[in-house]
Amino acid sequence: MNSSSSTTTTDTLHSFMEASALLIDQYFLGWIFAFLFGFLLLLNFKRKREKNNSTEFGTDDSNGYYTPENIAGSTDVIIVGAGVAGSALAYTLANDGRRVHVIERDLTEQDRIVGELLQPGGYLKLIELGLEDCVNEIDAQRVFGYALYMDGKNTRLSYPLEKFHSDVAGRSFHNGRFVQRMREKAASLPNVRMEQGTVTSLVEKKGSVKGVQYKTKDGQELSAFAPLTIVCDGCFSNLRRSLCNPKVEVPSCFVGLILENIDLPHINHGHVILADPSPILFYKISSTEIRCLVDVPGQKVPCISNGELANYLKTVVAPQVPKQLYNSFIAAVDKGNIRTMPNRSMPADPHPTPGALLLGDAFNMRHPLTGGGMTVALSDIVLIRDLLRPLRDLHDSSTLCKYLESFYTLRKPVASTINTLAGALYKVFCASPDKARQEMRNACFDYLSLGGICSQGPIALLSGLNPRPISLFLHFFAVAIYGVGRLLIPFPSPKRMWLGARLILGASGIIFPIIKSEGLRQMFFPAIVPAYYRAPPIH
């Protein structure tokens, strides 16, 4: 009986083990899947919680923004646009260790007729950013000053470069070649992602910019996120309206030509012809090419397709061109490769927005007559770099926004000097039927021809080597007073006195509206603006 009972127990145990093994075989795979699924849910919940608590960065899942490629934390700064400002900024921030995602509409070499002359002050900023080698290997030409022509007279204004290294000078080049060099240098850094795509909008949540939505070159719609988005998408920016109050003016248009295989009368100098109705510019952009820019007042130029523009260039402009350049100018017109573009000006009027910043032509423009745009942009980038350097974490967008308000005041000495000079010089250099304006134009040419401080002071301002608004103000009214003095000496008749008074009033009418748009306090007394003293936030 004991033997029978033992056998029964053994059989029962054996049956139980067989049943258990069968159950394990049937459900083992399901248990594994259940365990993995639960683990992944727990991990995802933990990550979301950490992200919400530590960075306050993200958007609702219902919007479709979270994908494995753009979970917050993989990028520190998004840069929209990779022109001069965007590519220089990308290299600068990445060189400081930031993870940078650049989204540019077109990464092929651009072909523009402006952004081709970098002033010495801008070249110094290029050195400061470690980008000076980007003017090498593109056939860039050194520029040492300007030659000024008016009514058969000419004078030469040289940059005051005596105190600088021999390499410091202006540079003129093909804009596209220069930009490509900077893009390549930025993209060579491992923490820069350079992508071709069109940014369609900023992603905002609770008043803060969290990133951008964009279309890739294949048409795929994606989103990218970062604690700071910097918009540098140029003069045609479609994003600036939410970040500033854009008051764009178009005082004139440029007509661009290229003269080939000829030298300028004054080697290594830009040439400005004070023509009627407005200035003409010449400068070398390669060893064999001279860029000619003809300013046409107003928002429209004569029609190209019916030959009206070519006729205008031959009959109105060509007779005012220096005789050494006349034949090459006519040949360039006949060749037919005529380009046009509107000249825009827009004072900086930002809406400080947490998580976002505007830079470059998207933020601030001035008439390109003085070639100061790249100098302003590079100077702004140096400031942004210095302001961001002490910060390890950019996620506190409100605090960062308040801190970066200092940028708008700190940039004023350079930006307002170059902006004001560009706007004022353009108005003075244009021909006018008004007798007082004519006297101001003649006085300006003769004042610059005096030499010494009368030429070195203004050219130091224009070059970005001496960005002092008070110096600009004093030289501008010195020109006006010089013009009045010429009218009153030797015989101050009532007619001449009245003309002198009109000259002063006209000069005031030119410069004071520009100063007002730049901001009187920020321009001349930045130290009394509270934002000037903003300290880096302590984390």
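Here the Cβ of each residue, glycine as well, is placed from N, Cα and C on the backbone.
Database features, via Swiss-Prot:
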TRANSMEM  22-42  transmembrane segment
TRANSMEM  71-91  transmembrane segment
BINDING   Val84, Ala85, Glu104, Arg105, Arg112, Arg183, Val199, Asp361, Met374  FAD binding site
SITE      Tyr146  site 'Important for enzyme activity'
TRANSMEM  472-492  transmembrane segment
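Other C-beta atoms found within 10 angstroms of the C-beta of Val199 (FAD binding site) number 23, with every protein chain shown included. When Cβ-Cβ distances below 8 Å are used as the criterion, the transmembrane segment (472-492) is approached by residues 417, 420-421, 424, 428, 439-440, 442-444, 446-447, 454, 457-458, 461, 499-500, 503-504, 507, 511, 515, 524 of the same chain, each at least six residues removed from its ends.
Of all Cβ atoms in the shown protein chains, 25 besides its own fall within 10 Å of the Cβ of Val84 (FAD binding site). With respect to their backbone Cα atoms, Glu104 (FAD binding site) and Tyr146 (site 'Important for enzyme activity') stand 34 Å from each other.
Shown are the recorded positions Arg112, Tyr146, Met374; the one with the most C-beta atoms within 10 angstroms of its own C-beta is Met374. Between the CA atoms of Val199 (FAD binding site) and Tyr146 (site 'Important for enzyme activity') there is a gap of 39 Å. For the FAD site, whose annotated binding residues are Val84, Ala85, Glu104, Arg105, Arg112, Arg183, Val199, Asp361, Met374, the maximal Cα to Cα separation is 23 Å.
Around Glu104 (FAD binding site), taking its Cβ as the centre, 25 other Cβ atoms fall within 10 Å, counting all chains. For Met374 (FAD binding site) paired with Tyr146 (site 'Important for enzyme activity'), the C-alpha to C-alpha distance reads 18 Å.
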